[in-house]
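Quick one: this structure, given as structure tokens, is what I'll be asking you about.
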Amino acid sequence: MNTAEIADLQKQFLIPTYAPQLALVKGSGTKVWDADGKEYLDFLAGIAVLNVGHCHPNVVKAVQDQAATLMHVSNLYYNEKQPQLAKALAEKAGGGKCFFCNSGAEANEGLIKLARLWGSDKGKFEVVTMKNSFHGRTLATLTATGQDKVQKGFYPLPEGFAYAEFNNLESVKTAITEKTAAVLVEAVQGEGGIIPADSEFIAGLRTLCDEKNILLLFDEVQAGIGRTGKWFGFQNYDVQPDAFSLAKALGNGFPIGAVVASPEVADTFQPGNHATTFGGTPLACAAALAVLETIEQENLLENAKAMGTLLLEKLQVIADQYDWIECARGTGLMVGLVLNDSALPLQKKLQEKGLLTLATAVRVLRILPPLNVTVEDVEKAVALIEDACSELDSL
Ligand SMILES: *Cc1c(COP(=O)(O)O)cnc(C)c1O
């Protein structure tokens with residue numbers, strides 16, 4: 001099928017929650033191809049999912065082998081891949097235990113339930129989240145998301161959430177009451193426009209939560225699994241969360257999410273408190289184990305840091321040339337080019353030129369390449385961005 005045929009079929013049979021422009025049919029590393037044979041350099045990576053690139057042979061092999069051995073057993077039974085993956089994640093996180101699920105929203109839902117159950121004998125249930133955050137699209141997580149646009153039309157929202165300004169400790173202090181069980185934060189707001197948290201803010205949150213006996217929760221769904229040059233975004237700060245969520249890149253495209261909780265709070269959940277049919281299947285865990293091993297074997301944390309620095313420097317040079325580009329900002333390979341106005345024309349022009357990115361928070365071009373990008377990939381992408389900016393400037 002060509003793009004037009006696929007679009008026509010989709011229009012007839014899919015609930016129109018999405019508005020895609022491009023039909024992708026094949027991928028390899030940092031490249032993808034559309035249904036009409038055109039090649040793209042993928043600097044979006046399925047929105048921070050494909051951290052080891054499209055169809056990495058290690059992940060493909062792990063999925064193929066596991067699919068032919070045992071795909072699913074139900075959590076009524078042990079499956080060795082699940083504690084193996086949990087151990088690998090706990091070691092990287094500095095301790096803790098895991099609960100596996102299937103998506104970012106479900107992982108955050110797990111964090112919220114963990115906080116509520118932990119607070120239930122203390123009279124605490126409220127979760128303070130940040131304005132401009134993003135935590136998912138289920139009812140609880142869209143309520144946690146501090147953005148009207150995702151909540152509009154879905155009232156009444158579940159109770160038990162309060163909002164504070166990101167990077168404003170005083171605002172969090174004001175939002176906390178004796179009913180507050182947890183503060184939930186992203187180390188780098190992704191969907192909100194690639195806004196890294198300030199070090200003082202994160203350090204202040206840890207102190208504040210300790211003083212008030214409140215859990216500090218990180219949503220690591222986008223920033224986690226090496227994206228920022230550390231295994232988890234909070235590791236760019238000198239803090240240890242009480243629990244955090246993972247999803248997106250954990251399976252590199254194979255759906256899997258996780259709640260990782262510190263040893264002190266992990267056993268809050270006991271048999272019967274929380275569950276999900278597909279959580280931590282042998283297949284999903286095999287994919288995730290291959291992802292973690294690949295990041296280690298190929299030194300992708302170091303590469304993400306080095307390539308992120310290079311990309312940021314080169315984008316800042318472009319930003320300095322045009323008065324309609326404010327700046328480039330980010331951490332590791334979570335990078336944003338901040339414009340004065342909508343980033344959509346730039347995203348579209350780049351797509352025409354064969355570079356995939358995403359306009360976010362209206363005026364931010366979100367750039368999230370696979371962690372194994374090369375200097376050549378970065379230079380090629382920057383050259384395309386330079387071209388596109390110069391063409392838009394002359395309009
Ligand atoms: C994508 C994202 C989510 C939601 O994940 P889904 O898998 O789409 O449910 C939650 N939090 C953050 C920070 C995200 O980037």
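Glycine residues also receive a Cβ, built from the backbone N, Cα and C atoms like all the rest.
A TrEMBL annotation is a machine prediction, not a hand-curated record.
TrEMBL feature annotations, pasted as is:
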- GLY104, ALA105, PHE134, ASP219, GLU220, VAL221, GLN222, THR277: pyridoxal 5'-phosphate binding site (BINDING)
- ARG137, THR276: N(2)-acetyl-L-ornithine binding site (BINDING)
- LYS248: N6-(pyridoxal phosphate)lysine (MOD_RES)
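Could you give the neighbours, burial and distances for every feature on this list?
Remark: ALA105 (pyridoxal 5'-phosphate binding site) has HIS135, GLY136, ARG137, THR138, THR141 as non-local neighbours, by Cβ distance under 8 Å and separation of at least 6 in sequence. Secondary structure from DSSP puts ALA105 (pyridoxal 5'-phosphate binding site) in a helix.
Cβ neighbours of THR276 (N(2)-acetyl-L-ornithine binding site) (same chain, under 8 Å, six or more residues apart in sequence): CYS101, ASN102, GLU106.
Under the DSSP three-state reduction, LYS248 (N6-(pyridoxal phosphate)lysine) is assigned to helix.
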Does DSSP give PHE134 (pyridoxal 5'-phosphate binding site) helix, strand or coil?
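SS state of PHE134 (pyridoxal 5'-phosphate binding site) = coil.
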Of the residues named as pyridoxal 5'-phosphate binders, GLY104, ALA105, PHE134, ASP219, GLU220, VAL221, GLN222, THR277, how far apart in Å are the Cα atoms of the most distant pair?
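Farthest Cα pair among residues binding pyridoxal 5'-phosphate: 25 Å.
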Ligand 1: which of the binding-site residues PHE134, GLU220, THR276 have a Cβ closer than 6 angstroms to it?
PHE134
Once the chains shown are all counted, how many other Cβ atoms turn up within 10 Å of the Cβ of VAL221 (pyridoxal 5'-phosphate binding site)?
30
